[in-house]
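Swiss-Prot has this to say about the protein:
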{"type": "BINDING", "residues": "143, 156, 158", "note": "Ca(2+) binding site"}
{"type": "BINDING", "residues": "312, 411, 444, 446, 676", "note": "thiamine diphosphate binding site"}
{"type": "BINDING", "residues": "411, 444, 446", "note": "Mg(2+) binding site"}
{"type": "CROSSLNK", "residues": "534", "note": "ubiquitin cross-link"}
{"type": "MOD_RES", "residues": "74", "note": "N6-succinyllysine"}
{"type": "MOD_RES", "residues": "100", "note": "phosphoserine"}
{"type": "MOD_RES", "residues": "401", "note": "N6-acetyllysine"}
{"type": "MOD_RES", "residues": "564", "note": "N6-succinyllysine"}
{"type": "MOD_RES", "residues": "970", "note": "N6-acetyllysine"}
{"type": "TRANSIT", "residues": "1-40", "note": "transit peptide"}
């Protein structure tokens, strides 16, 4: 079978799916119609099936051959035997022997028999017509399904019924059939399951069953999937007669869940009628839908579900799916309660949650996590995916059988936000796949006030999912049983095929965008219909009462019981005196903090290493730890250079990174480095993945060969996405504090396409959601004449969002001042000028007793700069990250003679030292490097200023004046010295673009800033 699958894969073009016998009904084969015998005279290479144009037919023939080799022509029998033996398709096929003269006579006789049977052609045409009819329903039946609960809109935005869908007998002529054929019995093809145990049905019954399967309250989009097995699986789930049956107990459970969903919203409306809560009215069926997905997934072995969703219905999901204590939810409506935790907090419909409980349907433990998110719709999608991937990684769930994700979407956002597309394209990448996500779209057919026809160009809001061959199940939300069935199928699909699936809940929004909004301004006719619409709970209760499943008193008792639960929780909420944001934590780290959520210490050990460890890592970094592995000649030279550096006890940038990573792996810290081209490195400096030059796709990661029991190292080239991938890595870093998760931009300039993740999650995440995160951003930065899009990581933006006060000098005598600063800041911003300091800051990120995002402006030209080297001595035990690197030359020996103290950061230091040496001013100008910009090293800089009492102060940067670090550094330096001296500026003039694209202009600007930095008279006119 494997060989045939391989063969079929080679032959299969991207055609519409046909059939696979694996799922076909057990029924007698249809009577074969007579075919004209072919005289085989074409060469093997000309056989059309070898070109891949008939791959579906080949697979059907193969399935028939498996059941009975004699049921296919001898040539097929030989072909399949050869293929199973391992022969390639071209040699496996052997043409049948040419026909003899006697055989040709037999052909002529057979032809005369055909001519004597004029009805044969009609029979064949009728059967082909029926097959086309069935296929038309499978492909386009969803277009005429009754999906809108209001009955006024077409879910696909098309009011015309497709001409090739049979919904009335007058359209039979399209297929060459007529009304007289309705009672004629037709054999059913293997591509349908409408027959159940029957192999033939009258045309009238075929149409009726197809209408029931595809044109009622469920619309199924799946025929674009180019996998026969998957298509056949879906057909079986929706076409089999009587398959959508529920027991009375299941119906009562569904009713009870609808009661909870509906009465929760009504309770909030009664108690807080003027509060925004973004209620679920109009799609109350979402709660039982989610619970059904979770129930079925739990039954299939899932024990951890990570969810992401927008504001619509969030409180209801927290209450009735995740089972957050109701009193904690009600407390969020009390404006008098103050928050006990540090930080700004967030509105109630953004908060996340983590809860472990027993699933009552399966009686198994299940953990539910709802990720906190901002109002930026769909921004949490990749975050959820990353967290899911991490949880799967840490529990060894390589197939996604234990941990899964559910993403909820609004219809307008699902179609309108590009991050949805980016996230979908991560779904099947080896280093990013979560083995299938269940997407649930709350399709209330409106986006705030915008009509769907103005919100998307595609027929459905879900069409983006087609790019990854995810089946899409549209369902009318006013048919709760149809919704439950679709959700069961979605969970089963994900469990079976480990691929994404979409459930489109076509519903409506009973109120405005929020409870204070008036929708009649913009959608008057729609809301007139909504005002007349019975709630789904009332409809379903009436149905069950009429069926005798429940009686009216039982239904009313269920309502009273839940109302009582809400009232009792409301009473308890009045006893609460304070709000605890940490009760809403979506990603707890058990054992990392104390029980009250505080760090276990406020100190950081030395980040240095013994020389033996440094040497061992360096030796592995400069070798190929796999036998018979041929690397590129240019890479051999790079590894040789690394080996020489190790012998000389020095490191460059790439080797320093290698040593930081390797040492953390030894300590059991998982490291994940992701981004565009990170395996080699944009600047061809890293080479963490070696490629065999003689064996295709054979690779080696030396970092995973360092120690016997080391943690795994994951380095992965990402898709060409910043927004999606950075969100994914942020989510991965949320799962555990004991991992170093890094995202590297190809150039720092490109991080701004991920600005939403930076602004809404990384920068304020802890303040809003009491959630620490240790993600590291590596942003290549430096003005090197490469133009405005390859020069600046926009440090001014990161620094502007730092939360320290530039006008307040902190208590510099405080114990562990530097660690306390790190604990209080919202993120750490550094620009290292030496490989050794880069090594230390990476290790410090893990050795700190808490986690903060780390922004590193990394170099480009310094990667190979001969002066950008560090000695092993700077990395040995007892050494630390240097927040400030002071002047250590002649100027430091005679500080009273220093006329100017230049402060700078990053690469420009090397330009300054070169110019200072050329001007012979090493005794007159001192240069101090600020390596850690935020939190600002007030204490160390005060010492530097005091050391040079006669020096004027200047900040020098290569960036333009309105960019870079100047506006951040100047007020803090002034505060440090109590505004005793001015802080002058030496750098480029203000500009709109980050850099010039002209090399000559670049060099002119550089020389001008160097002239300013070393002209001791330049600032006298401004005094």
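Each Cβ is built from the backbone N, Cα and C atoms, and glycine gets one as well.
Features recorded in Swiss-Prot, as mapped to the structure shown.
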residue	record	DSSP class
74	N6-succinyllysine	helix
143	Ca(2+) binding site	helix
156	Ca(2+) binding site	coil
312	thiamine diphosphate binding site	coil
411	thiamine diphosphate binding site	helix
444	thiamine diphosphate binding site	coil
534	ubiquitin cross-link	coil
676	thiamine diphosphate binding site	coil
970	N6-acetyllysine	helix
Tell me, by DSSP, whether residue 564 (N6-succinyllysine) is helix, strand or coil?
helix
Go through 143, 312, 970, the listed recorded positions, and name the one with the sparsest Cβ surroundings, counting other Cβ atoms within 10 Å.
970
Determine, using Cα-Cα distances only, which of these recorded positions is closest to residue 676 (thiamine diphosphate binding site): 74, 156, 564.
156
Cα proximity to residue 411 (thiamine diphosphate binding site), best match among recorded positions 74, 401, 534, 564:
534
By CA-CA distance, flag whichever of 143, 156, 158, 401, 564 among the recorded positions is nearest to residue 312 (thiamine diphosphate binding site).
156
Comparing the binding-site residues 156, 158, 411, which residue's C-beta has the most other C-beta atoms within 10 angstroms in this structure?
411
Across all chains shown, how many C-beta atoms besides its own are within 10 angstroms of the C-beta of residue 444 (thiamine diphosphate binding site)?
23
DSSP on residue 401 (N6-acetyllysine), three-state: which is it?
coil
Spatial neighbour of residue 534 (ubiquitin cross-link) that is closest, considering only the recorded positions 401, 444, 446, 564 and their CA atoms:
444
Of all the modified residues given, namely 74, 401, 970, which is spatially nearest to residue 444 (thiamine diphosphate binding site) at the Cα level?
401
Looking only at C-alpha atoms, tell me how far residue 158 (Ca(2+) binding site) is from residue 970 (N6-acetyllysine), rounded to the nearest Å.
61
What whole-number Å value do you get for the CA-CA distance of residue 970 (N6-acetyllysine) and residue 156 (Ca(2+) binding site)?
58
By CA distance, which of the binding-site residues (143, 156, 446) lies nearest to residue 74 (N6-succinyllysine)?
143
Between residue 564 (N6-succinyllysine) and residue 156 (Ca(2+) binding site), how far is it from one CA atom to the other, in Å?
42
Please report the distance from the Cα of residue 401 (N6-acetyllysine) to the Cα of residue 446 (thiamine diphosphate binding site), rounded to the nearest angstrom.
36
